[in-house]
């Protein structure tokens, strides 16, 4: 009886050892792939940062007031670091996919592939935010210049409202691109548009009626004189 027990133990250890021997090459290969992938990712991230510094993208973002807008929201933006971070983690995730595939971790591989497929949405959302900030600052400057040229009051207020309206729409568009609460954002977007339309109508009805009357009177007079 004892000999049979010893034989069972020996067989179990033999199977375990055989499994380790079979698994060890895959483990070493996966480890090498992971290390090489991480090194490549870090190098590419630093390269992107260096290229960004050479192209002076941060100075351009400062001139376009992109960095100042993000700082007002409590976010310190560095274009080179952001691009380098995205590139670095993209290749790290790719290395993790290759590592999990070598180790035959199918569920992990599927999850990481979903992450990689989702990354373009993140990149597009970031681009939407950057373009929205640039457009918001551009429209703010135009509105403020036009209102000041017309010698009307509250130029800074109207310019700020124009800018933040664009920023809010941009933020909503970025969330939709990320697939976050799309139905809720559509409802909020519709409500915001209706609110702005109502506010504009009330503002015109209460404060712009007199100006509109004067304009129509001048227009009627000019037509009658001709």
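Every residue gets a Cβ built from N, Cα and C, even glycine.
According to TrEMBL:
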type     : residues : note
TRANSMEM : 27-49    : transmembrane segment
TRANSMEM : 82-103   : transmembrane segment
TRANSMEM : 115-135  : transmembrane segment
TRANSMEM : 156-178  : transmembrane segment
TRANSMEM : 184-208  : transmembrane segment
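If you look at the transmembrane segment (115-135), the same-chain residues 6 or more away from its ends with a CB under 8 A from one of its CBs are 64-66, 69-70, 82, 86, 90, 93-94, 97, 166-167, 169-171, 173-175, 177-179. Same-chain residues lying 6+ beyond the ends of the transmembrane segment (27-49) with a Cβ under 8 Å from its Cβ atoms: 80-81, 83-85, 87-92, 94-96, 98-100, 102-103.
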